[in-house]
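Visitor: This is the structure I have questions about; it appears just below.
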Amino acid sequence: MSRPPPTGKMPGAPEAAPGDGAGAGRQRKLEALIRDPRSPINVESLLDGLNSLVLDLDFPALRKNKNIDNFLNRYEKIVKKIRGLQMKAEDYDVVKVIGRGAFGEVQLVRHKASQKVYAMKLLSKFEMIKRSDSAFFWEERDIMAFANSPWVVQLFCAFQDDRYLYMVMEYMPGGDLVNLMSNYDVPEKWAKFYTAEVVLALDAIHSMGLIHRDVKPDNMLLDKHGHLKLADFGTCMKMDETGMVHCDTAVGTPDYISPEVLKSQGGDGYYGRECDWWSVGVFLFEMLVGDTPFYADSLVGTYSKIMDHKNSLCFPEDTEISKHAKNLICAFLTDREVRLGRNGVEEIKQHPFFKNDQWNWDNIRETAAPVVPELSSDIDSSNFDDIEDDKGDVETFPIPKAFVGNQLPFIGFTYFRENLLLSDSPPCRENDAIQTRKSEESQEIQKKLYALEEHLSSEVQAKEELEQKCKSINTRLEKTAKELEEEITLRKSVESTLRQLEREKALLQHKNAEYQRKADHEADKKRNLENDVNSLKDQLEDLKKRNQSSQISTEKVNQLQKQLDEANALLRTESDTAARLRKTQAESSKQIQQLESNNRDLQDKNCLLETAKLKLEKEFINLQSALESERRDRTHGSEIINDLQGRISGLEEDLKTGKALLAKVELEKRQLQEKLTDLEKEKSNMEIDMTYQLKVIQQSLEQEEAEHKTTKARLADKNKIYESIEEAKSEAMKEMEKKLLEERSLKQKVENLLLEAEKRCSILDCDLKQSQQKLNELLKQKDVLNEDVRNLTLKIEQETQKRCLMQNDLKMQTQQVNTLKMSEKQIKQENNHLMEMKMNLEKQNTELRKERQDADGQMKELQDQLEAEQYFSTLYKTQVRELKEENEEKTKLCKELQQKKQDLQDERDSLAAQLEITLTKADSEQLARSIAEEQYSDLEKEKIMKELEIKEMMARHKQELTEKDTTIASLEETNRTLTSDVANLANEKEELNNKLKDSQEQLSKLKDEEMSAAAIKAQFEKQLLNERTLKTQAVNKLAEIMNRKEPVKRGSDTDVRRKEKENRKLHMELKSEREKLTQQMIKYQKELNEMQAQIAEESQIRIELQMTLDSKDSDIEQLRSQLQALHIGMDSSSIGSGPGDAEPDDGFPESRLEGWLSLPVRNNTKKFGWVKKYVIVSSKKILFYDSEQDKEQSNPYMVLDIDKLFHVRPVTQTDVYRADAKEIPRIFQILYANEGESKKEPEFPVEPVGEKSNYICHKGHEFIPTLYHFPTNCEACMKPLWHMFKPPPALECRRCHIKCHKDHMDKKEEIIAPCKVYYDISSAKNLLLLANSTEEQQKWVSRLVKKIPKKPPAPDPFARSSPRTSMKIQQNQSIRRPSRQLAPNKPS
């Protein structure tokens, strides 16, 4: 029987070590995990874990546990030591705080050891745990650490202590794009550049499988070269396989958030990378326009505009935006299904907006940025806002009574870009000493090889540098040659233009002289004519005196009148010609001046060009000499380089042979090692097999021998008993013998096999010995090769030394050769100089020849000019003769004109009479004007006097109030004076009312006139339509006549001609009618425009009068209250009561409230600005004044009717999320009717309220779905309605601004109260006001709430709006955005 092979090892076999085999592989894997910086159990994570455990357990309450105490006793000291050795905040000097947020701040720091500047971000662990979100920073850390992209801000290291997380990042001194947009008006060229860089940066983030979700200018930083990098990756989210993201909360900044992300707050948040392209569209719009496209003062307004983006997106008319830019913005700000970029970044890159000649998508980062920041030092932080010091107490974790684990969420945060831990330890340790020695030797050889290669590369670099120098010199020479050629061509062109200009100048001078002569001649003629006219007039006067009695002279007078008319006509023609000549003379003189200035400029340019040419020639000569010297140096250097290259090539060949030998040795070594291992395995296998077989055979033999012995004993005992049976069993005995023989043969075979195995083992031992010998030989060879390498390195070093010596010798020899062969070189240089001089002289000779030819040409031109001048002189002489003849003729004419004196005399009399009439009219107008001015000044004086009287009266009133106990008589006098003043003021009020009525009547008249003009316009339009119909009918008739087929026999040429004449007549009539119609249209349009302007002026005057009347009313009201107070004071003084009982506890009279409040001004899209106004609340009006002077002058900025007030309430952070958090307790809001406002016209339009399509109607409310990231409570259940990162779905009414959970609406709960606001939201406006303190705010709100009418009045269709313009108005006054309605005041 055969047994199965044993499973265990042989008792005599050696046991393997625990680190060998599979165990070593596992250890290597574990070590790789510890070394990997991305692994969650790397060295830094393990140290963080130990550190955080000690920090979380080191509390008195926890130390009571024995196990915790033992753990702390064991690890506390070593952890403290680790903390001391790790990086900490004390390793950096803080330069400045450059940013602050909800979780911490960003500091500009300098590393103490390296003196490098970084930006260090501090995140408070307490704040992150408190706000139940400590995971957002992981994405930011991982992206900045492992991105390795030029578009992402790099993280150098991250560490932590018990309070803060620290991220040391690269410092971006250019600041963010918000700062750039606030300092510059960004042109489209810049916007194109920065948008392209943002696109590439987002593509880098998307290629990492992430979506940013908070793309805005605040997160776009500029480096020292002005190029853009993205930052703040806390909102990033990993995409799934389809490139989409599942998220149930809206993440991002309100102005830049996309509609699909807003919709995610309902629970169906499924969107992709296209949400980032939406933000890019908003960013581009903001750069070009200066404002975000969906701006609103409240979150609700912003979100509603984003959801209704198809209607709310519009481009302002006052800013110029190209078609491509508008197209790109519209392509980004659209639904995600059709948004640009949904199919990849390539479709964005192909958009025509990005086409330009300066950069492309591949080299944009290498090109110069539009704005490169001007930095004074490496710590220049001028592009960041100054941050105030945070004086608040730093909150920390409370001491726990049980294990909390506050430090556990931050394990693994520590990171170092250049991690030195475990850097020197080898990747795998082997137990074999030979292999470690070999690896060390191979490392040494590799180091030497690296050194040799570095030496070689340095030599190659030196060679390349020399070649580059030569190339640069050659390029410079070529450039200078080209510049010289260009200068020569320029000079030639300038000279030619000079010649042309000189010719033109000469011609113009000639023309000018001619025109001057003609003008002088005409002036002489005019003078003569005027003298003649005067003489004729004198004669006329004489004749008039003589012939006053006679009536016969009328015919002569008529004749003279005709002659005088003719003379006047001649005079006019002469004066016209004289004026024309003067104009032509002036124009020619201007042309001459321009030509002279051009000539001077060209001469200056010529001089500059000549100087530049000389400089260039000098530079050319210097460069040629430098080139020759460089060529010599180059040839010399090339010889040295060739020698060195030869030596280097030899050394390289030696190195190659050495490397080849090393490689062969290593290969043989590996092969022998493999053979050895194979033989050892075979040997061990054979030994095991042989021992097993021997054991089996021995066992079988022993069994057989035992059986044989027993059978023999049995046979011997039974021989005597069974003698008769021996014969029968002889055959069995024979068989047994046969079996014995077979067993013996098997035993011999096994012994033979054993002998063969022993022989094989001996052979293998021999082979092993031989291989060991070979290995030793190879090791010796390796040692020899190492020695050869060392010798080679020594040789290389010797060669380098020799090379240095050779170079020194060469320098010495070159110096000697230079000194010895100076004469030869000088001769050669002189020869070269002479050759160059020869060349230059030849060039100069050719140039002089050219100049001579040019001079000859100029001489010819001058001769031509001289001939022309001679010709002109002859012409002038002939013209002078002709002029003399003309003069003689005109003298004859003058003599004839003298006979026509009487007509001229009559005309002069009539003209004199007309002049007297006009003079009298002018005098009367001037008198009227002076009277009006005097009246105006008198009125102003009266106004000033009245104001002064009121002031004096007030002063007297105050004095009398103080001295009321002394004299009751004085009080009575003041009472009388006050009553008289009140009467005067009442009269003034009546006058103003009368004026107002007059203005209203005038307005109604103007409206009637406008209506009549409109009716006339309608009539003319009807006439125009009739004319057009008649025209079309006539054209159709003509077409019929033209297309009508008539028989040839009937027709004749006369009929055709007659019809053509009729047609022409009709056309002429049509043209004349059209001209008349257009003239009438223009006339009536002008009249209409004038009427509209008059109406506008009248309405402005009316509003001004109304506002002054309101202010006067408030003054009268105040005076009446003071009078009442005086009467009460007089009564009380008679009874014996003390003064000042009339006022309430708050210090203001019950009927009057006044003080300083601030109105919002929108300086930018990020924050509110405020402007102070003096506000007075009377019983009927709220008056706003720019200053106290305006108050005294009764010039209010704005007036609100108290009857039109709807609501007054304090605001929350969600209502004014752009305002500073410190200002919110001091802000309150007024809601009022649109028609209840009188105000100076703002410089921007008030936006209309959106449609009701996106609102949920319930109990009179108009709810808008929204989210609250700021502290807010539900007004239905009073539970929190906000969360920093995952806020619950909420609703806000756009009418009363009540806020509640969306679940109340979905579950149809009756908790929500009905809407309290009953007014029409489209006719309502709101106004934010800032008080000086919270107490004042409460006082203003409480007092104004009392004045609100219980039922607001219906809006007046004919109520006044306020188109009055004034330069005093503040720009961007924030009484805008009617969509931002605030909630009603909560019950106090």
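A Cβ is built for glycine as well, from the same backbone N, Cα and C atoms used for every other residue.
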Visitor: Report the candidate from Lys81, Lys116, Lys121 that shares the ATP site with Ile98, Gly99, Arg100, Gly101, Ala102, Phe103, Gly104, Glu105, Val106, as recorded in Swiss-Prot.
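Guide: So the ATP site in Swiss-Prot includes Ile98, Gly99, Arg100, Gly101, Ala102, Phe103, Gly104, Glu105, Val106 plus, from the candidates Lys81, Lys116, Lys121, Lys121.
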Visitor: Which is it, of 252-307, 364-419, 1148-1203, 1260-1315, that Swiss-Prot names as zinc finger?
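Guide: Among 252-307, 364-419, 1148-1203, 1260-1315, the range Swiss-Prot annotates as zinc finger is 1260-1315.
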Visitor: Check each of the ranges 1-26, 807-832, 833-858 against Swiss-Prot and return the one annotated as region 'Disordered'.
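Guide: Swiss-Prot lists region 'Disordered' for residues 1-26.
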Visitor: Which residue from Ser589, Ser1137, Ser1366 is recorded in Swiss-Prot as phosphoserine?
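Guide: Swiss-Prot annotates phosphoserine at Ser1137; the rest carry no such entry.
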Visitor: Can you dig out which of the ranges 512-532, 869-889, 1058-1078 Swiss-Prot describes as region 'Disordered'?
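Guide: Within the set 512-532, 869-889, 1058-1078, Swiss-Prot attaches region 'Disordered' to 512-532.
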Visitor: Swiss-Prot annotates one residue of Ser472, Ser649, Ser1374 as phosphoserine; which residue is it?
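Guide: The phosphoserine feature in Swiss-Prot corresponds to Ser1374.
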Visitor: Looking at the modified residues Thr414, Thr1212, which sits with the largest number of other Cβ atoms within 10 Å of its Cβ?
Guide: Thr414
Visitor: Hey, which bits of the same chain come close to the region 'Disordered' (512-532), Cβ under 8 Å, at least six residues off its ends?
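Guide: For the region 'Disordered' (512-532), the sequence-distant neighbours (Cβ-Cβ under 8 Å, at least 6 residues beyond its ends) are 567, 570-571, 574-575, 577-578, 581-582, 584-585, 588-589, 592, 872, 876, 883, 887, 890-891, 894, 897-898.
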Visitor: DSSP-wise, what's the residue breakdown of the region 'Interaction with NPM1' (373-420) into helix, strand and coil?
Guide: 3 helix, 2 strand, 43 coil
Visitor: Could you tell me the C-alpha distance between Thr1212 (phosphothreonine) and Thr414 (phosphothreonine) in angstrom, no decimals?
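Guide: Cα-Cα, rounded: 40 Å.
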Visitor: Between 0 and 100, where does the mean pLDDT of the region 'Interaction with NPM1' (373-420) sit?
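Guide: Here the mean pLDDT over the region 'Interaction with NPM1' (373-420) amounts to 85.
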Visitor: Run through the region 'Disordered' (512-532) and tell me, per DSSP, how many residues are helix, strand and coil.
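Guide: Breakdown, helix to coil: 21 helix, 0 strand, 0 coil.
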